[in-house]
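Enquirer: For reference, the structure I am asking about is given below.
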Amino acid sequence: MSRSRQPPLVTGISPNEGIPWTKVTIRGENLGTGPTDLIGLTICGHNCLLTAEWMSASKIVCRVGQAKNDKGDIIVTTKSGGRGTSTVSFKLLKPEKIGILDQSAVWVDEMNYYDMRTDRNKGIPPLSLRPANPLGIEIEKSKFSQKDLEMLFHGMSADFTSENFSAAWYLIENHSNTSFEQLKMAVTNLKRQANKKSEGSLAYVKGGLSTFFEAQDALSAIHQKLEADGTEKVEGSMTQKLENVLNRASNTADTLFQEVLGRKDKADSTRNALNVLQRFKFLFNLPLNIERNIQKGDYDVVINDYEKAKSLFGKTEVQVFKKYYAEVETRIEALRELLLDKLLETPSTLHDQKRYIRYLSDLHASGDPAWQCIGAQHKWILQLMHSCKEGYVKDLKGNPGLHSPMLDLDNDTRPSVLGHLSQTASLKRGSSFQSGRDDTWRYKTPHRVAFVEKLTKLVLSQLPNFWKLWISYVNGSLFSETAEKSGQIERSKNVRQRQNDFKKMIQEVMHSLVKLTRGALLPLSIRDGEAKQYGGWEVKCELSGQWLAHAIQTVRLTHESLTALEIPNDLLQTIQDLILDLRVRCVMATLQHTAEEIKRLAEKEDWIVDNEGLTSLPCQFEQCIVCSLQSLKGVLECKPGEASVFQQPKTQEEVCQLSINIMQVFIYCLEQLSTKPDADIDTTHLSVDVSSPDLFGSIHEDFSLTSEQRLLIVLSNCCYLERHTFLNIAEHFEKHNFQGIEKITQVSMASLKELDQRLFENYIELKADPIVGSLEPGIYAGYFDWKDCLPPTGVRNYLKEALVNIIAVHAEVFTISKELVPRVLSKVIEAVSEELSRLMQCVSSFSKNGALQARLEICALRDTVAVYLTPESKSSFKQALEALPQLSSGADKKLLEELLNKFKSSMHLQLTCFQAASSTMMKT
């Protein structure tokens, strides 16, 4: 592929030499159209693209990298021009090593300067450092190239701190022009530096030796003075003298601080008096403080003050204290009543309930406030449940066509199953299942279903706190530590007595939940005496299977949530029973609804026939049942703890009967379609499969179906149902654990075969009777007489007309279903052969020519339809031939054979249909 631009050309670089990481400016031609066009930049063989900055088509700025080559070209590569060339080069210099004591304007990477094998993990002591100029003479850099020196001293180094230090290299590099005298002076300097290192520490000690001796003399003099003073007897020993001095100092101190200590004692007494006054002030102000704190809601402060006052003045005998303490008790009693009212107030949160119970416990309230709270909550939950039902019933009577406003889906914090309804209850059964449903269908929830959703939401919002309150009551966490210690024995006795009472409360809540749900969804399952309390919905129509499935999901989620609270299973058994009854009812309703849908399938028959002679009706029937069973998948599935829907024999029998009814309803639809008058057939949408052969012949023009054609289509559908559809449906029933599948299949197959045989006989009667009826008039047309007739010259027209009519039947059946051709033609030929045998047996006698003519026509018919002969038709042909006189001469046999060949040759085109189908008929 030719490039649109010339290759890049580098004509200049500034600077043209430098150490690694030197910033350079590259100039040239065709250096790229932009930053993205630049794809390569190498200097001395090193890739510098990462540091490259494209400025223009003639300028690039970058930094030189750590190249291996000392000198090399600058190569630029672009997308538009490819790999370029260079007319200039860049020289890469080796960086000079900076000594460890040398000043540097940049940060030195010591990893590249020193051998870390010897210096790893240890510092360099100051005395081991070498000066930058160890010889002490002027350094003069040599003019020898670094490369030449490296080649000369291979593997050595000019660094005097290196292990591979080479003195010759160092002298050539730094002192190549130094004279011999100067080098001798340098040796002297080097020796002097070595001596300084060994003499340094010794000189330090020698310089401070006189100081050490002076300190030693001073310490010895002090020691001798103390020993001399201790032996003198002036006013006793030195220790007695010291004791007298200390005693005088103590007396003097007491005299000086006597006044201060007196003031301290007075201050202490005053402080004690103020403390006593403060103690009384607390009691005097306590009634007012209690009222103020109660108004502010600071009950903790009130309780603490009360406990404090009780400990201080609870047993006082002072009258004034008794008076004020009595007022405190009055205020506290009022507080107890206030807290009890707040505790029994509904609705309230679990946190508030625990708080009020703890307050009352700390205040030593009489009775059992916690149990009173539990009882109040129980009544409140029952009241809410019944009020919810009354509200929905009232709303239903007032606005029967509207969705209940009480179901607030948006504010429901519990996981709602309405969101899953489209997955669990949607039945994709064609347009009939989706008709009239728009995006707002979920807001048209039936009132009874919405009530169950609201009822379960209500129970799950109240019962957990109710259960947790009881658990806290049992384990004593509702009460404070002091109250627990004081009333532990009495409370444990109350808990044992009230366990049965609380169990009855839970049972009553579960009973109400189940009864209210049954009243809404299963009104026939509650007794007449309970209908007013739990029912009253005035049900006009049963709920559909999809809404029952949704309600089942709702109740299941409720059961799971209650189980998570660790409520005993025996208390939740009524909910399990409800779920089972709902599942059974849902299955029944869905199957009944499916039967209704299948009954309407006849209206959808479009009579469009495919290559196999089938319409869409069998497929629609199977799809309808499959969708119904799919919608029941979640209902039939057993959740943990649930029983099978089919565990009861009665349920098995009812489901089996409904399944049989579904199959028989469809069979009835087929029968109705086969006998439907022509005027009732809607042919406006009639069509045929464009890939099929010329179906129906001339009917394409007027788009009309005859009753015979409808019979054939229904017969073809019946065959497909027997061989495929019914067996597939049985597999689907078995997949969903239906019981009595063999019975369903046997009864359905028997009904289908009965319909098939009846329709088949009707069709044969319609087609065979005209052909059979035309034989006798055709045989005796023109006053034909078997006793007196001319020698045969060929097959007469009546037989040809009969064959043409049989061919017409073949064509009509073949256009609908190839598989029906052998069955239909075999029966038609049986009827024709039977009639022909009867006619031959009725003839009293035959002449020679008559016998030959009859044998010719019988053999011609038999040979033509040989592939469709059955044992019955073969027997009829045999009887017909036996009724004829036997051929006596070979000339007659030869004439018969010639006439048969002449007949087959003349009607070869008409008889081709029988020959073409021979292989298929043999297989069939």
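Backbone N, Cα and C define each Cβ position, glycine as well.
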Enquirer: Write down the residue from SER89, SER774, SER888, SER905 that Swiss-Prot flags as phosphoserine.
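Expert: Record says SER888.
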Enquirer: Of SER86, SER145, SER432, SER492, which does Swiss-Prot mark as phosphoserine?
Expert: SER432
Enquirer: Swiss-Prot tags one of 51-71, 198-218, 240-260, 597-617 as coiled coil - which one?
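Expert: The range carrying the coiled coil annotation in Swiss-Prot is 240-260.
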Enquirer: Of the residues LYS323, LYS454, LYS468, which is given the N6-acetyllysine tag by Swiss-Prot?
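Expert: Matching LYS323, LYS454, LYS468 against Swiss-Prot annotations yields LYS454.
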Enquirer: Where does the phosphothreonine label fall among THR33, THR178, THR440, going by Swiss-Prot?
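Expert: That would be THR440, per the phosphothreonine annotation in Swiss-Prot.
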Enquirer: Quick one: DSSP breakdown of the domain 'IPT/TIG' (8-93) into helix, strand and coil?
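Expert: Counting residues by DSSP class gives 3 helix, 48 strand, 35 coil.
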Enquirer: Measuring Cα to Cα, how far is LYS454 (N6-acetyllysine) from SER888 (phosphoserine) in Å?
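Expert: So the alpha carbons of LYS454 (N6-acetyllysine) and SER888 (phosphoserine) sit roughly 101 Å from each other.
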Enquirer: Here are the modified residues: LYS454, SER888. Which has the lowest count of other Cβ atoms within 10 Å?
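Expert: Output over modified residues LYS454, SER888: least Cβ neighbours within 10 Å is SER888.
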Enquirer: Calculate the per-residue pLDDT averaged over the coiled coil (240-260) and state the result as an integer.
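Expert: Looking only at the coiled coil (240-260), pLDDT averages out to 79.
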Enquirer: Which three-state DSSP class does SER888 (phosphoserine) fall into?
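Expert: DSSP assigns SER888 (phosphoserine) to coil.
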